[in-house]
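Enquirer: Sharing a structure with you now.
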Amino acid sequence: MMNPLGYFVLVALVGASFAATQVTQRTVSSHLTTQDQERFDKVFSEGLKSNDLQALYFSSANVALPANDVASSCKRLFSLHAESKLNDFEKNFYLIGARKNFGCKEALPAKVETAVKAALAKEASTSQEIYYNFHSAKLVAVTVDEKVRTALGKNLQTVLKKDDSLNSLGHAFAVASELGPTGAFAYDRIEEAFVQADEVDGKMLQFEGGLSITALIVNGGFRLATSLGKPTPITAEQAVKFANYFLSRASVQTPKGVSVLLESLNLLASQKTIAPICVRLANNGQLLPESPVLRVKVCDLLGNPLKPALAALSTTVFSLTTKQELVGKVNLVPSKDDATLFTYNLQSTSPSRGQYRVDVEAAPSYRQQLKVSVLGKVRVSSLEVGVGDTDSTASSVKRHSVAHPSKLATVLNADSQQKVLLKTNLVDEASGKPITVHQAFVLLRHQETGQEIIFVAETDTSKAYKFEMDVGARAVDFGHKSGLYELRLIVGDALLSNSFQWYLADLELKFPTTETAAGKQATVGASSRQPLPEIVHQFRTPEKRPARFFSDLFTALCVAPLVILFGLWAKLGVNVKNFPLSLGAVGFHLGLGAILVLFGVFWLRLNMFETIRYLIPLALFTFFCGNRMLRKIARGRSEK
């Protein structure tokens with residue numbers, strides 16, 4: 001009998017397994033749109049006009065060439081093939097494939113046809129070469145019998161032993177999928193290839209090399225598994241991540257990129273056991289208070305309706321504000337006009353303004369979490385505006401009540417000794433309760449110049465918005481520009497369907513007009529419109545040199561030892577009879593003297609870097625000559 005601890009562990013493992021199953025979604029949040037498909041068609045249409053052999057092939061494989069352009073396009077095709085610098089096996093494949101897609105009447109060059117037939121009989125050095133040669137042979141209807149398949153299989157195995165890169169494996173998978181049982185050896189390498197996929201943000205899988213290599217591995221791996229009747233090479237979770245990667249590359253602009261992208265998405269969508277589907281909001285996720293209809297779009301990766309259609313699609317809605325369930329598990333209603341659209345009207349639940357989490361489920365495999373916002377309407381419950389002295393209390397200021405959206409009939413007047421006050425209460429139109437909004441601004445606009453200045457309205461403890469402006473203290477912000485200003489209230493929020501800007505009153509402001517203020521403002525205004533001074537790099541100013549007397553004294557002290565040396569030589573008599581008359585000795589002393597002269601020139605006018613530039617060759621010359629001189633002296637002593 002199982003002990004209690006073992007029973008507990010078993011229950012924990014089962015629970016964890018169940019939880020892991022619940023989070024398996026098999027859903028993505030995007031798909032190819034009509035705009036994507038139109039852009040792809042444009043890429044292929046431009047590719048048909050291209051002078052690139054590869055672009056012509058992939059474009060012709062996806063869109064039909066207009067009948068009027070067949071003759072000129074075929075002529076251009078053969079010309080591009082002759083001029084192409086691609087490998088022979090690659091450019092031959094593009095020529096043969098594009099010629100077939102175009103429906104060209106011109107025969108293939110005999111040289112090309114002979115090369116294709118001979119290619120299958122010889123050993124290839126890369127799997128890419130085998131891939132292009134094999135598919136070229138298929139296009140020209142060359143018979144590929146069992147003997148040829150066996151030879152190709154052996155060739156592939158030999159090539160993969162030398163090169164097992166992702167590019168090589170991908171082409172090998174594609175060829176092996178055409179060889180039947182002979183290509184079964186390649187299936188064992190699929191796991192080796194897919195384990196090299198890089199995960200991005202836990203949401204995408206891709207291979208190093210980008211879209212082309214990723215598509216090559218995925219397409220080749222799936223085709224090989226299908227041809228051998230083996231299980232799919234990736235899990236449902238991996239299929240979701242690969243699908244996310246391919247959909248993220250929907251902006252690709254080359255015919256080859258678009259072609260392999262469409263091929264990969266079609267392949268993933270056709271794998272019924274693991275294929276992810278797209279579950280997303282059919283609109284921007286904002287539900288209007290008068291008609292809170294939830295719209296969910298469900299389709300395959302290419303935006304097409306699911307076949308077969310889902311038996312049922314249910315949803316549960318939670319409030320992110322209250323953390324409570326708004327709607328239990330209810331079925332969404334399929335649209336009669338659009339097979340990809342499902343709806344549910346939340347009107348009966350009277351959802352309040354806020355954000356909600358929508359859990360969508362199609363048992364047993366598909367789950368998706370969405371977020372929607374139920375918008376509300378704001379109403380101005382009351383608004384008071386007034387002008388009072390700067391040192392007066394807010395309660396003593398005379399206020400004028402203004403009803404939204406009316407405008408105050410009288411003009412308010414305020415000078416530099418006064419302040420402007422505004423207080424408003426915003427409430428939810430449905431519940432009548434006070435609300436706060438993301439944006440509450442007071443805007444003042446000069447009627448003549450259109451100059452605007454915006455202030456933030458702050459909330460108090462009762463959630464009322466207040467604005468107070470000391471006219472004199474704010475004179476600089478207004479540029480001391482007196483005159484008639486429009487007083488406006490701006491209210492906005494992401495969860496409001498009726499954000500507004502309300503022109504509520506006219507306000508006459510009078511600022512100090514002293515010459516000092518005016519002159520200062522004119523100077524500031526003029527300087528603010530002038531170009532800033534040019535920034536010029538300057539080296540540090542050299543330090544002040546000592547007096548000439550000290551410089552001369554220091555120079556004399558430095559030269560004194562040399563003068564003393566020459567004086568002593570003259571007094572004692574210099575013996576130069578043993579001076580070796582050789583090229584090395586003369587060069588050594590000349591080099592040594594040149595170095596001393598260079599130091600003198602450095603003292604007078606050169607800098608350190610210039611001195612080093614001259615010193616290096618002189619030092620090398622002196623070292624070489626000194627070495628030869630010393631060797632000659634040593635050789636002479638040994639002979640004695």
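Yeah, the Cβs are placed from backbone N, Cα and C, and that goes for glycine too.
Here's the feature list from TrEMBL:
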type	residues	note
SIGNAL	1-19	signal peptide
DOMAIN	32-269	domain 'Ribophorin II N-terminal'
DOMAIN	277-374	domain 'Ribophorin II second'
DOMAIN	382-509	domain 'Ribophorin II third'
DOMAIN	539-637	domain 'Ribophorin II C-terminal'
TRANSMEM	549-569	transmembrane segment
TRANSMEM	581-606	transmembrane segment
TRANSMEM	612-630	transmembrane segment
Enquirer: At a C-beta cut-off of under 8 Å, are there same-chain residues at least 6 beyond the transmembrane segment (612-630) that contact it? List them, or none.
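Expert: Residues 580, 582-588, 590-592, 594-595, 598, 606.
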Enquirer: Using a Cβ cut-off of under 8 Å, list the residues of the same chain at least 6 residues beyond the transmembrane segment (581-606) that approach it.
Expert: 614-615, 618-619, 621-622, 624-629, 631-632
Enquirer: Using Cβ atoms and a strict cutoff of less than 8 Å, what residues sit near the transmembrane segment (549-569) while being 6 or more residues removed from its termini?
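Expert: Same-chain contacts beyond the flanks: none.
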Enquirer: Limited to the domain 'Ribophorin II third' (382-509), I'd like the whole-number average of pLDDT.
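Expert: Mean pLDDT for the domain 'Ribophorin II third' (382-509): 92.
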